[in-house]
Amino acid sequence: MAHPAGPRHAEILAAPHLAERPSSPEAMAEIPANVFPRNASRNADGVLEVAGVTADRLAQDYGTPLFVYDEADFRSRCADMQAAFGPYGRVHYASKAFLSVQVAKWVQSEGLSLDVCTGDELAIALHAGFPAERIALHGNNKSEAELDAALAAGVGHIILDSMIEIERLDRLAGERGVVAEVLVRVTPGVEAHTHEFISTAHEDQKFGFALAGGVAMNAIRAVFATANLRLVGLHSHIGSQIFEIDGFELAAQRVLSLLAEVVEEFGVDKTSQIRMLDLGGGLGIAYVPSDDPPPVKALADSLATIVERESARLGLPMPLIAVEPGRAIAGPAGITLYRVGTIKDVALDGKTVRRYVSVDGGMSDNIRTVLYDAEYDVRLASRESSASAVVCRVVGKHCESGDIVIRDCWLPEDLAPGDLLAVGATGAYCYSMSSRYNMAPRPAVVAVNEGTSRRILRRETVEDFLSLEVGNE
Ligand SMILES: Cc1ncc(COP(=O)(O)O)c(C=O)c1O
Ligand SMILES: N[C@@H](CCCC[NH3+])C(=O)O
């Protein structure tokens with residue numbers, strides 16, 4: 001395909017998945033099945049549809065930017081997780097990836113458990129009628145109020161993260177006259193191959209008790225010394241967006257070795273209630289077509305084999321394996337629709353230009369590009385184009401030059417204001433990490449299913465912002 005006339009457009013060298021110009025307009029129009037929701041496709045008119053509802057219709061009915069979740073996709077990923085890991089233990093959906101009352105209901109009806117990190121995530125789950133005994137509470141700085149709310153609700157277990165918290169929870173449980181089931185979060189010193197800020201099991205960070213220096217063992221001793229805490233498992237989470245099993249394998253080996261030490265010190269009888277090995281979340285997804293994460297079932301079976309082998313080697317009974325996937329359930333189920341507002345060719349030097357495509361959202365609804373250099377796949381959603389491919393940078397509307405949604409991508413040369421763009425795999429950690437920067441209202445969130453759509457969260461309005469104002473009477 002020829003370059004468009006005029007100055008040469010900036011070529012992409014850094015991103016391997018973009019190194020090759022799409023072979024044809026059809027290739028550029030393709031909706032990559034491993035990135036977009038399972039029920040997304042281009043219809044006969046060339047318009048993107050999700051679960052039978054067109055991007056045009058959605059934008060017209062609900063406005064843009066818009067988060068669109070394929071409900072059947074979300075549910076099927078819950079079901080896949082449950083089928084893969086359920087036989088070995090328990091699946092907690094990590095609600096931080098994306099939570100709403102509807103989402104909690106989907107998770108519940110698919111039979112999964114739920115992991116929450118704050119009192120307010122807990123409140124949303126309880127509001128949805130999620131059974132408290134299937135909820136686990138995480139967090140490195142849970143307040144007394146949050147711990148007490150969890151005890152009042154009767155959550156399944158609480159994952160302990162500091163010595164102060166052990167004392168705090170023991171006291172609160174005593175005051176309520178209950179015994180709280182707890183896991184101790186162990187930091188096993190595994191460097192997951194992922195971005196530093198989403199890697200959580202190397203030792204120099206805020207989560208958990210280090211295996212090194214006997215810190216985790218001391219925490220376990222402290223729990224055994226309490227009157228109102230019952231240790232039912234050990235937890236480790238090595239990071240997020242992980243494609244290889246070796247990090248999980250090493251973490252499982254190390255945590256099981258710690259368990260063997262605990263059994264040796266406290267005896268088989270006193271430790272028989274420690275039945276859960278929670279390996280956390282972190283299962284990776286495809287953000288761009290070349291990403292190839294392992295299938296969930298294969299991962300589950302390999303992990304179970306490893307845990308079984310290690311347990312046998314250490315003379316321990318096979319524990320229940322718990323996992324806490326967030327991204328792998330919510331991520332691929334969601335897309336973001338944006339409306340193109342302006343397009344600008346910016347001269348980089350004498351010979352090249354970069355095409356900036358500005359959309360009506362940005363870092364307020366997707367901070368991941370700015371925060372982690374995350375990559376995304378974007379497609380023209382409102383029509384098909386036969387124009388040639390041009391390297392573009394999709395940017396938001398915020399007062400920040402770093403407000404980039406997609407650093408480099410191929411889009412049709414004839415892209416114009418008013419066109420709709422769809423960014424794939426934005427279902428996790430986009431809405432949940434959104435902000436109101438520049439008074440940007442949080443977008444609406446829509447669920448689509450079998451040809452129908454419904455709002456599950458309405459768009460914020462300036463009236464919402466004004467309702468927070470005080471002292472202006
Ligand atoms: C303790 C814990 N569990 C589960 C998750 C969910 O991770 P992911 O969405 O990568 O599966 C996280 C986030 O990284 C976490 O910190
Ligand atoms: N928020 C991160 C992952 C960390 C999640 C929780 N520990 C992301 O968007 O990738």
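Note: Cβ is positioned from N, Cα and C throughout, glycine not excepted.
What TrEMBL says about this protein:
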DOMAIN    67-427  domain 'Orn/DAP/Arg decarboxylase 2 C-terminal'
DOMAIN    72-330  domain 'Orn/DAP/Arg decarboxylase 2 N-terminal'
MOD_RES   Lys96  N6-(pyridoxal phosphate)lysine
BINDING   Gly282, Glu324, Pro325, Gly326, Arg327, Tyr429  pyridoxal 5'-phosphate binding site
BINDING   Arg327, Arg368, Tyr372, Glu400, Tyr429  substrate binding site
What is the nearest of the binding-site residues Arg368, Tyr372, Glu400 to Gly326 (pyridoxal 5'-phosphate binding site), using the Cα of each?
Arg368
Where the criterion is a Cβ under 6 Å from an atom of ligand 1, which of the binding-site residues Arg368, Tyr372, Glu400, Tyr429 meet it?
none
Have a look at the binding-site residues (Gly282, Pro325, Gly326) and report the one with the fewest Cβ neighbours inside 10 Å.
Gly326
Looking at the binding-site residues Gly282, Glu324, Pro325, Gly326, Glu400, which have a C-beta within less than 6 Å of some atom in ligand 2?
none
Let me know how many other Cβ atoms fall within 10 Å of the Cβ of Glu324 (pyridoxal 5'-phosphate binding site).
26
Recorded positions near Arg327 (pyridoxal 5'-phosphate binding site) (Cα-Cα within 10 Å), from Lys96, Arg368, Tyr372, Glu400:
Lys96
Can you tell me how many other Cβ atoms are located within 10 Å of the Cβ belonging to Tyr429 (pyridoxal 5'-phosphate binding site)?
24
Which one of these recorded positions has the most other Cβ atoms within 10 Å of its own Cβ: Lys96, Arg327, Arg368?
Arg327
Fill in the CA-CA distance, Glu400 (substrate binding site) to Tyr429 (pyridoxal 5'-phosphate binding site), as an integer in Å.
21
Over the domain 'Orn/DAP/Arg decarboxylase 2 C-terminal' (67-427), work out the mean pLDDT and round it to an integer.
95
Any idea what the Cα distance is from Tyr372 (substrate binding site) over to Pro325 (pyridoxal 5'-phosphate binding site), rounded to a whole Å?
19
Please give the greatest C-alpha separation between any two of the substrate-binding residues Arg327, Arg368, Tyr372, Glu400, Tyr429, in angstrom, as a whole number.
27
